[in-house]
Each structure stands twice: as C-alpha cells, then as structure tokens.
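Here's what TrEMBL has on this protein:
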type	residues	note
DOMAIN	2-35	domain 'Inhibitor I9'
DOMAIN	94-315	domain 'Peptidase S8/S53'
ACT_SITE	Asp96	active site, charge relay system
ACT_SITE	His127	active site, charge relay system
ACT_SITE	Ser288	active site, charge relay system
Amino acid sequence: MWHGYFGEFDEDTIKEIEASPEVAFIEPDHKIHLQGDDEDGKVYLWEQPGQLSKRFSTTQQNAPWGLGAISHREPGPDSYTYDTSAGAKSYAYVVDSGVQINHSEFQGRAIAGHSVFPGANVDTIGHGTHVAGTIAGKTYGVAKKAQIISVKVFQGRESSTSATLEGFNWAVNDIISNKRAGRSVINLSLGGPASRAWTAAIDSAYKSGILAVVAAGNGDEQGNPLPASGQSPANAPNALTVGAIDSDWNPTSFTNYGPEVDIMAPGDRIQSACIGSPNAVKVMSGTSMACPHVAGLALYLQVKENLSTPAAVTKRIKALGTSGQISGDLNRSPNLVAFNGARQ
C-alpha cells in the first residue's frame, strides 16, 4: 500500500525530510483543477428520458450523442444499444465535488462515501453530479445499474494534490476492504502539474487490482491544449487516460494530447445530471465529461465480460475501440473512440 503525508515546513526541515532513507521523494502540494466547464451556465429543471425496448440487448432511443457514439462505429446515431446487465453490482467511485445523491437519475444507487471536508458532503457546483450521471445515470449513463460512491475532494473548482490524493486513497481502501477490486473503477475528472505522488498512488492501486480512469485535461488557463505528459494524474502509466472528441468525431479544441492518452470519448456539449433539483440537467464540456464515458464502459465490461483486472479492462477497451474514424490533428493521441461492442 502506498503512503503519503503532507504539511508545511521550513527549508531546513524539508532538506532533513528529503535526506531521510525512509522517504522516497518530496514534492510541492500543487493546485488541482476540475476538467470540465459549464456550456451555458444554466441549469435546466427537466429530463429527457429515453425510450427503452426490453430485450437482452436494449436500445435507448433519443439518447445523448455521447451514448450513441460509444455504441456505434460512426458519428450521428442518437440511439444507445447496450447489454441489459448494464454494470449491475459494480461500483463507481467519483472523486470530485460530491454527488447529489437524491437525484432521480441515480434511483437510490448513489451514496455519500467520504469527504475530505468534515461535515461537507454536498455537491455545491454540480461537476461531480454531472460526472456521476454520465457513468451511471438512468438516462445519461453508460452503466445504468452501477452503484455510485461519492468522494468529495473539491469545495470549489480548485483543490490540492494532498486533498485529492486523500480522497483517492480512501476510495482504494474502501474498494479493498469491501472486496470490490474486480467490480470497481475510480473516476478522476481532475488534473494538475506532473506529480510523482499521483503516479505512485495510481501504480499502487493498479497492483491492488483497481483501475483509475483519468481525464487527459483541458489545456492551459486560456484553453490551449497541452501535452498530457506534463499533467497528473493523466500521465500515470497505469491510468486509463481519456481525451475528448466532439459530435463530429473531431478532437475538441481543448483536449490535452499525446501518447499518454489511451482512448478518446465524447466530451463536448454533454448533457447529464446536475444540482438544483432531483431532476436538474445541464450541458457541460471537457475531458471531465469524456472520462466518465470510459469509466462507465469499464464497469459495463467488467460485468458483461467478467473482466477482473485493470490490465484486462484496459486491454479490452482498447481492442474494442473504433479505429481510424477521428478527423483532425490528434497530436499523437490515438485515433481510437471508446466503443461498447454493440452489434451493428
């Protein structure tokens, strides 16, 4: 198990700690940011429930474009075809701003697992609720029967390496203690500067049988894309790192790039659950929105195909991916769109 500590120290103390043979490394406690933005700043208090036809393989008509994309081999379709197992008895750990657990999208499948802010479990900005809706919402979700465990590490749009790692480690320990390693995923729609601590934490989780799905990031403060190699946790070798495409299957203008990106997924103008009421929805864009499409897909495949290790899930997602259909400059990101294996 990986162990880390944080604190404020003077220069002499830092040098003393760094020189200790019991310390692997030290680094600054960086700022960490959420990787999604409101599309229009508005919250809509309505839903668009899809129409489900009841078969072993189920099709949701009038589905969000992102769900259509991951169940078809080309852009355009607005239906979502998926196996009715739909991630049942699997667990999505959403390390984020919290989740509005009473939202109708979650049908009682969401719980407030942990907050790094004592007594504060409520999602006050809507980011985590939106992410959770894309993973497991009844209308907007990829794995519509999965359980959601909220791990709150953001009060606003900015947090720290230490706070986010605390939440991540809580999720890892909860998965291990509840023997959920083969049926869980940790969603990390967040990022900051390169961090050895993040790489060590994700590697440790991976060795314990736990997969972290990570947003590639949305570039610099002006929205200019950056190499994912300089961003954590996106650059962790054992993370499943996700870049973003738009509805025409072009790389979005903001998505980070490079060989550290493992797969691309819908991340532009994504509609999902939001705070404000039990029925609120919102449109958001970002690699934060692409990431939960793949986290949901990981749970879906764990259950449908009985995949029990991070390596098996990652290999299968890459093998299933739609190859060669993305247009535009990928900057060495893979030309590979997440796909759930639905029969065409």
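Quick reminder: no glycine exception, Cβ is built from N, Cα and C everywhere.
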Mind giving me a neighbour count for Ser288 (active site, charge relay system)? Other Cβ atoms within 10 Å of its Cβ, every protein chain shown. 32
Reported as an integer number of Å, what is the Cα distance between Ser288 (active site, charge relay system) and His127 (active site, charge relay system)? 9
For the domain 'Inhibitor I9' (2-35), the mean pLDDT of the predicted model: 55
Measuring Cα to Cα, how many angstrom lie between His127 (active site, charge relay system) and Asp96 (active site, charge relay system)? 7
In all the protein chains shown, the tally of other Cβ atoms within 10 Å of the Cβ of Asp96 (active site, charge relay system) is 30
Counting every protein chain present, what is the number of Cβ atoms, excluding its own, within 10 Å of the Cβ of His127 (active site, charge relay system)? 31
